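Engineer: Mind having a look at this structure? Questions to follow.
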Amino acid sequence: MCHSLMESKMVQREKKSFHCEICDKQFKRSWQLSEHLRTHTGEKPYHCGICRKAFSCNSSLRRHRTVHTGERPYQCKICSKTFSFSSNLKNHIMTHAGMSPHQCEICGKTCTSNSNLTKHVMVHTGERPFNCEICGKSFMSSSNFKMHKMLHSGDSPFQCEICSKSFSSNYNLNKHMTVHTGEKPFNCEICGKAFSRRCHVTRHNVVHTGEKPFQCEICDKAFSSNYNLSIHVMVHTGERPFNCEICGKSFSRKSHVTRHNKSCN
C-alpha cells in the first residue's frame, strides 16, 4: 500500500508541469519556466564580468565565459579533440561511431535535440502548421503565431521611446532599438564584420563558405538561403503575392512594391 502510494506520488510529480501562457510550451520545473519567459520579455539579468555582455540565464553566461578563458576540459579519447561542454563531446563521439542522433537528412546539419531538428527541417520543407484565421498568414512555431495574433488584437504593450512604434514583446523592441542606436553586437569570426542580429551573421557566413544547401527541384539551381530559393521558385510558378494598394499591380518581392509605391501616386 505504502509502495503503491509512493509510486502514485512520483507519477503525479512527473506529470506536473509549468505552462508558458505566451507560447504554450511546458516545463517540469518552475525555474525552467522562469528562464524561458525571459525569451519573451527580453530580460537579461546575467552579465559577463569581462565584456559586460548580458544573458537571460546563468548557463548561457557560463557557456559564454569559455570564449574568454578558452577552457575546453572535455577531451575525445579517440582523436584528442577538446570541447567546452560534455554535451558537445557526446555528440562528437557519435561521429566516430558513424552515428548522428539529430542530423538533417537534407543538408547534413546536426541539431542538439529532436525538437530542434524538427524545427530545422521546416526550413527546407517550408512547412508552416500554424495558420492565422484572420489574415491567412502561417508560421512554423506556435510562439511566433501567438506573437502575430497580438497584431490583430492591438496588444502591443512595448513602445519605443524614440519613434513610438509598438511591439508585442520586449525582445522585438530590443531588436528594433538597434535601428536607432546603430548597435551591432554580433561579429563574423572570419572577417570581423558586425551585424545587429545573430541570424544576419549566419546568413553572412555563406559568403566565406560558399555553401548553397537549398536547391530548386525544378531547375536544380542552388541557393545559400531558403528565402532566396523561395524568391527564385516564383520565377517558375509566376506567383506575385505582393500587391500595390494604389493600382493593384503585383510583385514577387515586398521590396519591389516599396520601390514601385514611390512612383505610383
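Cβ atoms are placed via backbone N, Cα and C, with glycine included.
According to TrEMBL, the record shows the following:
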{"type": "DOMAIN", "residues": "18-45", "note": "domain 'C2H2-type'"}
{"type": "DOMAIN", "residues": "46-73", "note": "domain 'C2H2-type'"}
{"type": "DOMAIN", "residues": "74-101", "note": "domain 'C2H2-type'"}
{"type": "DOMAIN", "residues": "102-129", "note": "domain 'C2H2-type'"}
{"type": "DOMAIN", "residues": "130-157", "note": "domain 'C2H2-type'"}
{"type": "DOMAIN", "residues": "158-185", "note": "domain 'C2H2-type'"}
{"type": "DOMAIN", "residues": "186-213", "note": "domain 'C2H2-type'"}
{"type": "DOMAIN", "residues": "214-241", "note": "domain 'C2H2-type'"}
{"type": "DOMAIN", "residues": "242-265", "note": "domain 'C2H2-type'"}
Engineer: Could you name the stretch, out of 18-45, 74-101, 186-213, 214-241, 242-265, with the greatest number of CB pairs under 8 A to the domain 'C2H2-type' (130-157)?
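Structural biologist: Answer, by Cβ pair count: 18-45.
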Engineer: Same chain, outside the domain 'C2H2-type' (242-265) by at least 6, Cβ under 8 Å from its Cβ: which residues?
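Structural biologist: Residues 231, 234-235 contact the domain 'C2H2-type' (242-265) from elsewhere in the chain.
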Engineer: For the domain 'C2H2-type' (102-129), what's the mean pLDDT in this predicted model?
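Structural biologist: That region's mean pLDDT is 76.
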Engineer: In the same chain, which residue numbers or ranges, 6 or more beyond the ends of the domain 'C2H2-type' (102-129), come under 8 angstroms Cβ to Cβ?
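Structural biologist: Same-chain contacts beyond the ends: 87, 91, 138-141, 213-214, 226, 230.
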Engineer: Are there residues at least six beyond either end of the domain 'C2H2-type' (214-241) with Cβ under 8 Å to its Cβ atoms? List them, or say none.
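Structural biologist: Hits for the domain 'C2H2-type' (214-241): 123-124, 126, 203, 206, 250-253.
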Engineer: How many of the residues that make up the domain 'C2H2-type' (186-213) does DSSP mark as helix, as strand and as coil?
Structural biologist: 12 helix, 4 strand, 12 coil
Engineer: Using DSSP, tally how many residues of the domain 'C2H2-type' (130-157) sit in helix, strand and coil.
Structural biologist: 12 helix, 4 strand, 12 coil
